[in-house]
Amino acid sequence: MTNLRKTHPLMKIINHSFIDLPAPSNISAWWNFGSLLGVCLIIQILTGLFLAMHYTSDTLTAFSSVAHICRDVNYGWLIRNLHANGASMFFMCLFLHVGRGIYYGSYLYKETWNIGVILLLTVMATAFVGYVLPWGQMSFWGATVITNLLSAIPYIGTSLVEWIWGGFSVDKATLTRFFALHFILPFIITALVIVHLLFLHETGSNNPSGINPNSDKIPFHPYYTIKDALGLILLLLPLLTLALFSPDLLGDPDNFSPANPLNTPPHIKPEWYFLFAYAILRSIPNKLGGVLALLASILVLLIIPLLHTANQRSMMFRPVSQTLFWILAANLITLTWIGGQPVEQPFIIIGQLALYLYFLLILVLMPLAGLFENYMLEPKW
């Protein structure tokens, strides 16, 4: 009798995706983040579902309902802490996953890469609307400041902002619709993830060398299932440590005060994973310019495949490109730091320099490095 896993219509899909999938024999730990992101998504959906059972999306009771979850619901504090810190882990894995894609040339699988960029934008949108829900000071003012950016759009800007708000300011209508969006978006993300995997399995995984791995493949199970299990343990360790020992470490103290439209916090800033984008937004003195730079900082990922000039796919054997890649990584860390600082010198000029360097590296220096490396590898005799 043929194995059910190879004949049953549903089991066959699972089998071809996670069990008998031919995988390159040399993929490193950098390839673990895809499965870790899947686990993060599952954790966020499950914890979010249980939080939604006790949360109320009304301006009068939202803040109290979160306090109620933490105080009165069985293990509510744990569910909330896992959800809040799970978002940080999600973004940590996302940034490393994107970085891996840039370093090893995975962006040359254009469909997979483009769906991935759309996923990144969708996850960022989900995190933003989710941050508004506890209805603390930073939730309220963060929502006000970021939605207000749309008013920079010529002609329709103001009407668009009021349409999103559902009134003339961030209020009950805004909170209710943000809750609805925060509930539905993870399921849209799940659908996009399936499409992402569908495109990936059309081509098979890339590998650190960037060379076609078809001559040397191994089955996904047991080799990479056990490797992913180790990655999962190493992900859960910091997540549980954060959630159980210092759950508020990455949060903002201002969010422990209920939202007050009459009192603006001294420094409005988002969660750490948005600080790089916030720094880019603030680095341009013009409102519309800042919004365009903010959009460009993420959408620039879409044109990275078009800027690939090197004859080799991966940066593994390209030292000049490697150096520029790590400068880019340091630059993003600098932007993250600047995003959390007040708008004063020397932070303003550092932020502006980091912004220019960010686009210079991606759009000019890295493509030039690829051409230079091609030239250096050509035989000169």
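Quick reminder: no glycine exception, Cβ is built from N, Cα and C everywhere.
A quick note: this is a predicted structure, and the numbers were derived from the prediction, not measured.
Swiss-Prot lists H83, H182 with the feature heme b b562 binding site, giving similarity to another entry as the kind of evidence. For the recorded site, H182 (heme b b562 binding site), the DSSP three-state label reads helix.
Following the DSSP three-state reduction, the secondary structure of H196 (heme b b566 binding site) is helix. The C-beta environment of H196 (heme b b566 binding site), restricted to residues of the same chain at least 6 apart in sequence and closer than 8 Å, consists of T112, I115, G116, L119. Sequence annotations record features per position, and here Swiss-Prot assigns heme b b566 binding site to H97, H196 based on similarity to another entry.
For H201 (ubiquinone binding site), the count of additional Cβ atoms within 10 Å of its Cβ stands at 13 [all protein chains shown]. What Swiss-Prot records for H201 is ubiquinone binding site, and it gives similarity to another entry as the kind of evidence.
Long-range contacts of the transmembrane segment (33-53) within the same chain: residues 69, 79-80, 82-83, 86-87, 89-90, 93-94, 96-97, 100, 182-183, 186-187, 189-190, 193, 228, 231-232, 235, 239, each at least 6 residues beyond the stretch ends and with a Cβ under 8 Å from a Cβ of the stretch. The feature transmembrane segment is assigned by Swiss-Prot to 33-53 (among others).
Residues or ranges marked as transmembrane segment by Swiss-Prot: 77-98 (among others). Counting residues 6+ beyond its ends, the transmembrane segment (77-98) has Cβ neighbours under 8 Å at 30, 33-34, 36-37, 40-41, 43-44, 47-48, 50-51, 66, 69-71, 116, 120, 123, 127, 130, 235, 238-239, 242-244, 247, 250-251, 271-273, 301, 332 in the same chain.
Annotated transmembrane segment per Swiss-Prot: 113-133 (among others), in sequence order.
The transmembrane segment feature in Swiss-Prot is assigned to 178-198 (among others).
Under the heading transmembrane segment, Swiss-Prot lists 226-246 (among others), citing similarity to another entry as support.
What Swiss-Prot lists as transmembrane segment is 288-308 (among others), and the listing cites similarity to another entry.
Sequence annotations record features per position, and here Swiss-Prot assigns transmembrane segment to 320-340 (among others) based on similarity to another entry.
The transmembrane segment annotation in Swiss-Prot covers 347-367 (among others), and the record cites similarity to another entry as its basis.
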Item to complete: Ten-angstrom check, please: count other Cβ atoms within 10 Å of the Cβ of H97 (heme b b566 binding site), all chains counted.
Response: 20
Worksheet item: When the Cα-Cα distance from H97 (heme b b566 binding site) is computed for each of the binding-site residues H83, H182, H201, which gives the smallest value?
Response: H201
Fill in: Rounded distance in angstrom between the Cα atoms of H201 (ubiquinone binding site) and H182 (heme b b562 binding site)
29
Discussion item. With Cβ-Cβ distances below 8 Å as the criterion, list the same-chain residues six or more beyond the ends of the transmembrane segment (178-198) that contact it, or say none.
Written reply: 17, 38, 41, 44-45, 48, 52, 55, 57, 112, 115-116, 118-119, 122-123, 125-126, 129-130, 132-133, 143
